[in-house]
């Protein structure tokens, strides 16, 4: 039996409709998800693995130093007045070395190496790195603070050691060129024969002090970042590859072979989250991301803020802060004794240095911190931590991880140089480590993910629309044709015109004479 043309068309339209639904809403998402699971894992064949090993572009590493304009007043107990100088822009190249895969537990181990190059063109107007900055002497104050906390009976000796090592300084401030304090280093003279400075310098040689590099002739070179520039970090990091489960990709499971830290208390020692260079795909607005920072010995848990856009791609913006350790039960285990004010994190146990981490300009911190220093202006847009993720692939498109480092001006009666200082926490510098994917990598993401996704989106709606309207049209045509056929078939109850029949006229004969009607007399 030969089908009518409209039924053939209806079959085609129905097929297009069903294929549009099945392919567009069922098959393609499953194919895309399966492909992403393969591509986002840290297997040796993927592009993600290559970028994870060596980021093919430089990150933006910006340093803002605080210049103290009234050191003489501060030395006498006055309120510090500071002026921000920066940014000093450095191109930061990140790579992972000594990489080993472990098939049995789907992990990979590595060490990291960061290299910095000063970029004067991208630095603040007129900044060359040769500007002289006046700031609290980090090394001097750190030495005094550590002894006051751990061996207070030795504070008399520390006063003599300071005078010997730093040549009888007039105050606790250092006047130093910006690039020297950041990377090149400033000299610490340990070629002393007096007992106090010699004892301190001997202790320095035995311990690995952050920022301190040994030089010939009993000299040390101290800088904020120089010791990590171009050197391999000694710590061995173990993370999940995500081949067996892509949602585990990049998760830190051990450092130096230890499944957790021994720095803090309770769950604060756990490694929670990724290593910060790769994140799982398929993010939703309800997901809480986590990443572990080795520099601060803790995990951060950014939360979703809003939708945003970057170079035509819809992203999810996540934000974070340092936290309130005293009032947040999850963070209380970071406190060794009384918790610091809101927005401050004591790094003594992590860095072995009496430093405090905070948001730049004390953003989201205890208001009292701002009252103790003049010259700070916190701004959430300039000083907040924010990361824009492409949610399907979990790719960070734009990121600004900002943190400020602070130190307490130690007031101590047993050291003449310290006995008049204001007992307050003051800022030293803050950094902004960020990235913004350039056009090349954004286009790569568009061609590999978004253009196929958009094409399928257009095709599926065309198929569904064509199929839907085709089915409706064929249905209407089919039933209209049936009605007309039924109306014209024999034996139907249809009403037809009947032509009246002509009647033949016939002669009628009358028998007898016609009579008139009888008259009635009234």
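We count from 1, first residue shown onward.
Backbone N, Cα and C define each Cβ position, glycine as well.
Listed ranges 414-434, 435-455, 456-476; the one Swiss-Prot annotates as transmembrane segment is 456-476. Neighbour counts were taken as the number of other C-beta atoms within 10 angstroms of each residue's C-beta; across the glycosylation sites 67, 229, 438, the minimum falls on 438.
Classification of residue 67 (N-linked glycosylation site) by DSSP places it within a strand. In this structure the C-alpha atoms belonging to residue 229 (N-linked glycosylation site) and residue 268 (disulfide bond) are separated by 29 Å. Taking each Cβ in turn and tallying the other Cβ atoms within 10 Å, the top scorer among the disulfide-bonded residues 335, 350 is 350. Non-local neighbourhood of residue 297 (disulfide bond): 261, 263, 264, 347, 349, 350, 351, each in the same chain, at least six residues away, with C-beta under 8 Å from its C-beta. Distance noted between the C-alpha atoms of residue 268 (disulfide bond) and residue 335 (disulfide bond) is 10 Å.
Comparing residue 333 (disulfide bond) with residue 339 (disulfide bond), their Cα atoms are 9 Å apart once rounded. Counting other Cβ atoms within 10 Å of each Cβ, the disulfide-bonded residues 268, 333, 339 show the lowest value at 333.
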